[in-house]
Amino acid sequence: MKLQLCAVGRLRSGPERDLVEDYLARFERTGRPLGLPAVQLLELEDRKGGGMEAEADLIAKAVAPGAALVVLDERGRTLSSPEFADHLAHWRDSGRDVALAIGGADGLAPRLRDRADLAISLGRMVWPHMLVRVMLAEQLYRAATILAGSPYHRV
């Protein structure tokens, strides 16, 4: 299994990057004994200014062939953290590669959303795409702790 996080744009150094790196490192430490791979973070830049369509092309090219495509989108399913952990365990157990895709400031092109195996939402509010990375990295770590039976996730 390969786990990719494909995100449009680059995080500059600062608190958002620090948080993403911290949560992905925690995920790797917690997930490795569970058979979860380290997350491959792919920061994609549309240098030609082609908007959502060009960004969709970049994401599509970055996704491993045959990988399950999971897009973050405000119209997606709202999952609880345990439900997200169940999805992660299912992907791990099936051995299928997974690509989590975060669009740019304007979101994802409809053709990419339509192609996705799963669209998930972090709630009904719209979030800046740079913060979505932090929130998704934390949810990956949280999912690993749920699968490990750690007390990090409290309800």
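Using the three backbone atoms N, Cα and C, a Cβ is placed for every residue, glycine included.
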According to Swiss-Prot, Leu72, Leu122, Gly123, Arg124, Met125, Val126, Trp127 bind S-adenosyl-L-methionine, and the residue from Gly50, Gly51, Gly103 that belongs to that same site is Gly103
DSSP on Leu122 (S-adenosyl-L-methionine binding site), three-state: which is it? coil
Rank the binding-site residues Gly103, Gly123 by the number of other Cβ atoms within 10 Å of each Cβ, and give the residue at the low end. Gly123
